[in-house]
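Participant: Structure incoming, see below.
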Amino acid sequence: MDEDKGKRDPIQMSLKGCRTNNGFVQNEDIPEQDPDPGSRDTPQPNAVSIPAPEEPHLKAVRPYAGMPKEVLFQFSGQARYRVPREILFWLTVVSVFLLIGATIAIIVISPKCLDWWQAGPIYQIYPRSFKDSDKDGNGDLKGIQEKLDYITALNIKTLWITSFYKSSLKDFRYAVEDFKEIDPIFGTMKDFENLVAAIHDKGLKLIIDFIPNHTSDKHPWFQSSRTRSGKYTDYYIWHNCTHVNGVTTPPNNWLSVYGNSSWHFDEVRKQCYFHQFLKEQPDLNFRNPAVQEEIKEIITFWLSKGVDGFSFDAVKFLLEAKDLRNEIQVNTSQIPDTVTHYSELYHDFTTTQVGMHDIVRDFRQTMNQYSREPGRYRFMGAEASAESIERTMMYYGLPFIQEADFPFNKYFTTIGTLSGHTVYEVITSWMENMPEGKWPNWMTGGPETPRLTSRVGSEYVNAMHMLLFTLPGTPITYYGEEIGMGDISVTNFNESYDSTTLVSKSPMQWDNSSNAGFTEANHTWLPTNSDYHTVNVDVQKTQPSSALRLYQDLSLLHATELVLSRGWFCLLRDDSHSVVYTRELDGIDNVFLVVLNFGESSTVLNLQGIISDLPPELRIRLSTNSASKGSAVDTRAISLEKGEGLVLEHSTKAPLHQQAAFRDRCFVSSRACYSSALDILYSSC
C-alpha cells in the first residue's frame, strides 16, 4: 500500500520528521512520521519527473469564423445594407460600359495618326558627294553615318539615299550590275548594316532608290540573255532588226530619252535590244512574270536589311506596247529620218502602258508583308517626272487599291520664271487634283535638276524654304539646299556622265577648310563650289540671319505646331509678286498667316482688304529677315522686300475654311479637329 502511494508521489520532501505537501497529492495520502528516528532508512534521492508540455492539437486551434451564416443573412437582407450594395454594383457596371464606349468612340472619331513619312521632312542625299570617310575623294556610307548628328539637328525624320548599288556607270546612277551589292566606292554591306542601325538608333527612318526598269549591260542576267541561256532568254526586250555594214535599221521609230534610236544591235545574239535610256542600260521585259518575281525578291532582300521604304524610279517606262507601232511625231511635217530628239515624239507606246500600275501595286503588296508590325510601315514613293498632273495622280492608287504613298512632286523644280502666279499654279494644281484623303509632298531640288539657288536666285532661297515648311504635306530637301549651295561649273570631264546633272552633285560644303571639309584627300571626284569659304555649315551655324538658322527654325516650327501638320490650308491671294495663305485647325484659335514675295521688286500688302476681321497688328513668328522676328506689323500695309517672307500669327474664333467666301480656296488632306478639354484630335467635325 505504501509502495503504491510512493509511486503516486511525484515529489516528496523529508525534513526532521516533517513532511510538506507539495500540492500535487492529498494530505491524507502522506504517510505518518515514524516515531523512531533510528528506524528511518537513510534518505534516498528521488528522481523528479516533470512531464513535457503537450503540443496543442492543430484541430483545436481555429481562426475566428466570423458571423454565423444565419446571422449574416439576417443583416444582409436589411434595406440599409442591400440598397448601397446594389447601387455600387450597378455604378461599377455602368462605369465599365461607359469606359468601353468612350474608348470605342475615341477610336472611331479620331483621325488616323500620321505615319513617320508624313510627320517630318525627308532629306535626300547623293552619297558620293555627302562626306568622305576614307580619304579617296568620294563620299561613302561611313561618311553619312558620321554626319547623323547634323541631320538630326535639322529636325529631319527620314533619310533618302540615292543609288549606291554596284554599277558600271561611273556616276552610279542607274546602270546596276548587281542589285544586292554595295558598290565598293561606297563601302561594304557591313557598312550599310551599321548605317541602318545608327539611323534607327537616332529615331530616323531610311528610304533608298530602286530602279526596276533596267540593268547594266554587264549584269549577269543580260549576259545570259545574250546567249539565250535558259530562263534568261526573255529577261530583256529583243527583236529582229537588220544590221548591214555597221548600220542598224531598228524595228520602229522609238527614241531613247537621251536621243537617237532606243534599239541597239547585239553582236552575240544578232538581235536588237530595247533601251529607254543609254545603250548600256537595257530594259527588262516586265511582261515576263519571272522578271517581276526577280524584282520582288530584290525588294524583299533590302526590306529584310531594315530599309524603311523605297523611291521607285522610272516606273512609267516599265511596259511598252506589244505591237511595236511607231510613235506619232509632234511635228507631222518633219522628215521622219531627222526625228532624233526625245521631245519630237509623243510617247504613247513606251510610257504608262496598261498594266504598268498593276505591277507597281504588286510591288506595294510585297512591301506590305513587312508593314504589319506597329511603327514598321514601309513607305513607297514613285518618281513621275514629266508626266501630266492627271497621270501623276494615278500613282496614288484607287480608293480601295493601294499603290504609292505619294508620287514625288517635282513641279517646283520645273518652274520657268519664279513669281507669285507660278508658285500659286503649282500649289493649286496639286491640291485640286490630289485624290481625297491622300497626302501631298513638295520638293525644291534633286540630283537631276539644277540647284534651287541657281534656278531661282539666292535672294529667294529663304522664301522657298518658308513655303516648303508651311505648305500641307511632307517637305523634301536635297542635301546642301539648307545652306543655299549652288551649281558648279563642270568642263572637260573625262568620265562617262550625264554632264547636265553633274552641276548639282558637288561635294557638301561643311566648313572653310581644304575641300570644304568634305574629304582629307588631295582631290574630290567633283570640284567643290568656289563659294565654300562663306557658304558652309560651320559659318552659318554662328550667323543668326543665315539660311541654315532659318531652315532649323522652320523645321522646328513644322515639328511642334499641330496646325501645320494637320490643319487646313487656305490660299487667299496671288499676283505677280506675292502669295498669301493661312494654316488653321478647328479647335485651335491660333492661326498662321503666311505672306511671301516672289516678285522682282518690293511690294506692299493690305491684308485687311482680304480678311476684313483681321486685327490691325499681327506678331511676326518667323521672318526671312531675322531682325524682325517677334515684332508687329500693320496689317493694312505690310511691306515686303524682294524675296522676303513672314509667318504671322493671331487668334480667331472664325476660321476661314468655315466661311463661304473662302471655302472653295481651302484644302485639307484628312479632316481633323482638336479638343482642348480632352487633348485629342477627332474627325467628326
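Using N, Cα and C of the backbone, Cβ positions are placed for all residues, glycine too.
So Swiss-Prot lists these for the protein:
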- ASN213, ASP283, PHE317, LEU318, GLU320: Ca(2+) binding site (BINDING)
- 1-10: compositional bias 'Basic and acidic residues' (COMPBIAS)
- CYS241-CYS272: disulfide bond (DISULFID)
- CYS570-CYS666: disulfide bond (DISULFID)
- CYS673-CYS685: disulfide bond (DISULFID)
- ASN213: N-linked glycosylation site (CARBOHYD)
- ASN240: N-linked glycosylation site (CARBOHYD)
- ASN260: N-linked glycosylation site (CARBOHYD)
- ASN331: N-linked glycosylation site (CARBOHYD)
- ASN512: N-linked glycosylation site (CARBOHYD)
- ASN522: N-linked glycosylation site (CARBOHYD)
- SER385: phosphoserine (MOD_RES)
- 1-53: region 'Disordered' (REGION)
- 1-88: topological domain 'Cytoplasmic' (TOPO_DOM)
- 110-685: topological domain 'Extracellular' (TOPO_DOM)
- 89-109: transmembrane segment (TRANSMEM)
Participant: Could you tell me which of these disulfide-bonded residues, CYS241, CYS272, CYS685, has the greatest number of Cβ atoms within 10 Å of its own Cβ?
Facilitator: CYS272
Participant: Tally every other Cβ atom lying within 10 Å of the Cβ atom of CYS666 (disulfide bond).
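Facilitator: The answer is 20.
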Participant: May I ask which of the binding-site residues ASN213, ASP283, LEU318, GLU320 is closest to ASN512 (N-linked glycosylation site) if we compare their C-alpha atoms?
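Facilitator: If we rank ASN213, ASP283, LEU318, GLU320 by Cα distance to ASN512 (N-linked glycosylation site), first place goes to ASN213.
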Participant: Taking all residues of the topological domain 'Extracellular' (110-685) together, what is their mean pLDDT?
Facilitator: 94
Participant: For SER385 (phosphoserine), list the number of other Cβ atoms lying within 10 Å of its Cβ atom.
Facilitator: 16
Participant: For the recorded Ca(2+) site, enumerate neighbouring residues of the same chain (Cβ within 8 Å of the Cβ centroid of ASN213, ASP283, PHE317, LEU318, GLU320, site residues themselves excluded), in sequence order.
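Facilitator: For the Ca(2+) site the neighbour list reads HIS214, GLN276, LEU284, PHE286, ALA314, LYS316, LEU319, THR350.
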Participant: Rounded to the nearest Å, what's the C-alpha distance separating CYS272 (disulfide bond) and PHE317 (Ca(2+) binding site)? Just drop the number here, would you?
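Facilitator: Roughly 18 Å, rounded to the nearest whole number.
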Participant: Given the recorded positions ASN240, SER385, CYS570, CYS666, CYS685, which one's Cα is the least distant from that of ASN213 (Ca(2+) binding site)?
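Facilitator: Looking at Cα distances from ASN213 (Ca(2+) binding site), the smallest one goes to SER385.
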Participant: Could you check which of the binding-site residues (ASP283, PHE317, LEU318, GLU320) sits closest to SER385 (phosphoserine), going Cα to Cα?
Facilitator: PHE317
Participant: Do me a favour and check the Cα-Cα span between ASN260 (N-linked glycosylation site) and CYS241 (disulfide bond); whole Å is fine.
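Facilitator: Between the Cα atoms of ASN260 (N-linked glycosylation site) and CYS241 (disulfide bond), the distance comes to 16 Å.
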Participant: Under 8 Å between C-beta atoms and at least six apart in sequence, can you list the same-chain neighbours of GLU320 (Ca(2+) binding site), or say none if there are none?
Facilitator: ILE237, TRP254, PHE274, ASP283, PHE349, THR350, GLN353
Participant: Determine, using Cα-Cα distances only, which of these recorded positions is closest to CYS570 (disulfide bond): ASN240, CYS241, LEU318, ASN522, CYS673.
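Facilitator: In terms of Cα distance, CYS570 (disulfide bond) lies closest to CYS673.
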Participant: Please report the Cα separation of CYS241 (disulfide bond) and CYS666 (disulfide bond) in Å, rounded to an integer.
Facilitator: 56
Participant: If you measure from the Cα of CYS685 (disulfide bond), which of the recorded positions ASN240, LEU318, ASN331, ASN522, CYS666 is the nearest?
Facilitator: CYS666
Participant: What count of other C-beta atoms do you get within 10 angstroms of the C-beta of ASN512 (N-linked glycosylation site), across all chains shown?
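Facilitator: Its Cβ shell of radius 10 Å holds 14 other Cβ atoms.
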Participant: Measuring Cα to Cα, how far is CYS673 (disulfide bond) from CYS666 (disulfide bond) in Å?
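Facilitator: Rounded to a whole number, the Cα-Cα distance is 15 Å.
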